[in-house]
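**Q** Can you keep this structure in mind? I'll have questions shortly.
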Amino acid sequence: MASYVLCIYFYTQQIQFVEDKQEFSRFPTKTGRRSLSRSISQSSTDSYSSAASGTDSSDDETSPRDKTQVNVKGSSDFCVKNIKQAEFGRREIEIAEQDMSALISLRKRAQSEKPLAGAKIVGCTHITAQTAVLIETLVALGAQCRWTACNIYSTQNEVAAALAESGVAVFAWKGESEDDFWWCIDHCVNTEGWQPNMILDDGGDLTHWMYKKYPNVFKKIRGIVEESVTGVHRLYQLSKAGKLCVPAMNVNDSVTKQKFDNLYCCRESILDGLKRTTDVMFGGKQVVVCGYGEVGKGCCAALKALGAIVYITEIDPICALQACMDGFRVVKLCEIIRHVDDKLSMNCVQASLRTPELTWERVRSQVDHVIWPDGKRVILLAEGRLLNLSCSTVPTFVLSITATTQALALIELYNAPEGRYKQDVYLLPKKMDEYVASLHLATFDAHLTELSDEQAKYLGLNKNGPFKPNYYRYTHFNYYLLIIN
C-alpha cells in the first residue's frame, strides 16, 4: 500500500538568539530582492477571504514596493497590495468586531481617558481582521501606530488596505519574499519625525531588528509586549545576558493565551486549514501529532472527533501521561516514521527541504510536493509555516481574548510608575488575566459566584481576586507535525 506524508506545524520552538551581524546581511536592496523571492505563484498570494477573492485576481504581479499609492487623506506612508481593496477590508473588520465584544467594551470604557495618549506603538503581528480591531482600539485609546506583518502568508490584503485607508501606516501584503519581510519591518521602524516608544511583537523579529540595527532607539522603548514562544525565549536570553534594557511583558504564558488561543483556537483551525488545502478525509487516517501541549490537545481532539487514529510523540512525561489518560497512544517519532516507511525529521519540516537534490512541485496555493530522488514525497503546507493563520481563518472570539490581553499589557507597561518594572521579562499579572476572562463571560450570559467574607478568609483569597497565584500558568513548547498514512 502506497503511503504519503503531510507535514504542518502550528507553533515552532525557535530558541536561538542570533548575535551574528550577518543576520541582517539580507536587508534588501531594490536590485537584489528579486533573487531572494520564494517564487510564489499568484494564487498563493490571494487572500482566503471571500471579500478579497473577487479583487486580488485583478491585481498585476507588480511588487507593492514598486507602486505609488495614496489613501483618501493624501498619505502614501504605507505599503499594501492594493489600497482599492479597503472597502472589502472594512466590511471584514466590522464583522470581526461583532465577535470581539470584550475588546470593543474595553475601547468604549477607556476611550474618554485615552490611557495610551502619547504612546507610539510599532507592531509586528499577523495582520487580519481581528488584529485590525486591536490596532484600531489602540488608536482609539490615544496611540499612534505603525504596523507590519510577522508572517509572510497570513496577511489579509484587504484588511491591510482598510487600515492604510484609515491612516495607520501599514507595511505588509500576503506572499512577501524574505527581503520584503525585512524591508517592511525597517520602513515600519525607520521613518523621519517619528520614534516608537512601545513594541507589540509576535515572534521577536521586530524586537531583534531594533535591538541590532537601531540600538539607540531601542534603549528609549518604554515597554515590549510579546505573545509568542519564540519571542519570549529571545527576551529571556537577552535578560539573562544582561542586554535587555527595557521592561517586557510575556503575554505568551498568560493563562488566557495558553488555555484559550492555543487550545480552543487550534481545535477549530486545524481542520479548517487541512480541509482547505488538501481535501483529505480523516476518518481512519493515521495521524501523528508531535507534542501534547495546549496546541497539541486542541489538534488531537479535533482529529479524533473526525475518526482519525491519533498517535502522540512527547518529550515531557507529564504531557505524555495526559495523552495516555485522554486515550491516545504515545510513541517514539522514529518508530512511527519507520512504520510509514518514510525517513523524515523535524528539521526537514522546518528548514532543510530547500536542498538541491529535492524537487519542489506546486500543487495549489500553499500546497507543495517535495520529492526525493527515489520518488518518495511529502505534502508540505505553507512551506512549513503556521498552518492555522497561513491556510485558514482563525476563530474571532478566541483571538479577541488574546487581543484584549495585549491591549491591557500595553496600557499597564505604558502607564506604570517608574520603578514598578525593571529591565526584565514579566508575566502578565493574574488579576489582569482574570479581568480579560471576565470581560468575555457576558457573551455566554455567564455569571460568577461570589465568595462570602468567611469563605475568602478560609481560602486566603481576596474575594475579588486574583484567584490563582502568579506562578499558575500553562507552558509547553508547541511544535507539531502531522503524518497521515
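The backbone N, Cα and C atoms fix where each Cβ goes, glycine too.
Pulled these features from TrEMBL for this protein:
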{"type": "BINDING", "residues": "Thr128, Asp202, Glu227, Lys257, Asp261", "note": "substrate binding site"}
{"type": "BINDING", "residues": "Gly293, Glu294, Val295, Gly296, Lys297, Gly298, Glu314, Asn388", "note": "NAD(+) binding site"}
{"type": "COMPBIAS", "residues": "37-56", "note": "compositional bias 'Low complexity'"}
{"type": "DOMAIN", "residues": "262-394", "note": "domain 'S-adenosyl-L-homocysteine hydrolase NAD binding'"}
{"type": "REGION", "residues": "28-71", "note": "region 'Disordered'"}
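Tell me what's around each of these sites.
**A** Here the Cβ of Thr128 (substrate binding site) has 25 other Cβ atoms within 10 Å, regardless of which shown protein chain they belong to.
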**Q** Which residues of the same chain, at least 6 positions away in sequence, have a Cβ lying under 8 Å from the Cβ of Lys297 (NAD(+) binding site)?
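**A** Sequence-distant Cβ neighbours: Leu263, Arg267, Gln322, Asp326.
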**Q** Of the binding-site residues Gly293, Glu294, Val295, which sits closest to Thr128 (substrate binding site) by Cα distance?
**A** Val295
**Q** Among Thr128, Asp202, Glu227, Lys257, Asp261, the annotated substrate contacts, find the widest CA pair distance and round it to a whole Å.
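**A** Largest pairwise Cα separation, rounded: 18 Å.
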**Q** What does the DSSP secondary structure composition of the domain 'S-adenosyl-L-homocysteine hydrolase NAD binding' (262-394) look like, as residue counts for helix, strand and coil?
**A** 57 helix, 29 strand, 47 coil
**Q** Across all chains shown, how many C-beta atoms besides its own are within 10 angstroms of the C-beta of Glu314 (NAD(+) binding site)?
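**A** Neighbour count, Cβ to Cβ under the 10 Å cut-off: 24.
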**Q** What is the number of other Cβ atoms found within 10 Å of the Cβ of Gly293 (NAD(+) binding site)?
**A** 24
